[in-house]
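Below is one structure, written out as structure tokens; comments come after it.
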Amino acid sequence: MGCLSVVGASPCVSSSALSSPTSRLSCAPSCKLILNPIKKNHHLAAFQPAVHLFASNQSRSHASKRNHTTRIFLPHLVASMEEVEETYIMIKPDGVQRGLVGEIISRFEKKGFKLTGLKLFHCPKELAEEHYKDLQSKPFFPKLIDYITSGPVVCMAWEGVGVVASARKLIGATNPLNAEPGTIRGDLAVQTGRNVVHGSDSPDNGKREIALWFGEGELCSWTPVQEPWLIE
């Protein structure tokens, strides 16, 4: 008999069932049959007991904390942030022609890095090919060499704590359209083939490129007066 309906875990008895003694008697056994499965599977209810909700939230919170704390920094970046490094920065021909030299230099100065080498230089083809030798197999290599040798470049050597990784962040992504606002490429460039500036991608390459672009006597070792306010 249709004397009982269930909403959630609570039985609802119709008014017609209450008015009939016979209905009430025949309904009792079916109540046990319907209620027992709900009681057994109470964890399927829409509203779980608070204790279970809090327990699951706490476990998720602890798990997220564990995941967060183990992925803050990459090991090689942590190490580089504690060491004084050298990096090679080059303002490419488009940056020179557009009058961006002062703007780009000021960004590194304001960051607190030390300029140890600076010159305006017309790059010969052989030097450009040596500098970009890792890209020789790329189809755009000839065009890249023509671009770098098309006009004067500004060669710079910079020194500072974690300067390689930090300079890469200041410069921004290779494709200026993907570079963050506030970065040099994000603010001053629009195309990969005219992305204004080059920066070393590792401490080892920083040393190699400085040695490649600067000759003996072209680097200056000095101590800025503000250095105690920049480095502990």
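Glycine too: its Cβ is placed from the backbone N, Cα and C atoms.
As the structure is a computational prediction, the values presented were derived from the model and not from experiment.
Residues annotated as transit peptide in Swiss-Prot, with experimental evidence given as evidence: 1-79. Under the heading ATP binding site, Swiss-Prot lists K92, F140, R168, T174, R185, N195. Swiss-Prot lists H198 with the feature active site, pros-phosphohistidine intermediate, giving similarity to another entry as the kind of evidence.
In this structure, the C-alpha atom of R185 (ATP binding site) lies 10 angstrom from that of the residue listed as 'active site, pros-phosphohistidine intermediate'. Each residue contributes its Cα atom, and for K92 (ATP binding site) and H198 (active site, pros-phosphohistidine intermediate) these two points are 7 Å apart. Sequence-distant contacts (6 or more apart, same chain, Cβ under 8 Å) of N195 (ATP binding site) comprise K92, T174, N175, P176, R185, A189. According to its DSSP assignment, T174 (ATP binding site) is coil.
Those residues noted as binding ATP (K92, F140, R168, T174, R185, N195) have their most widely separated CA atoms at a distance of 22 Å. Comparing local CB density within 10 A for the binding-site residues K92, R168, the maximum falls on K92. Ranking the recorded positions R185, H198 by how many other Cβ atoms lie within 10 angstroms of each Cβ puts H198 at the bottom.
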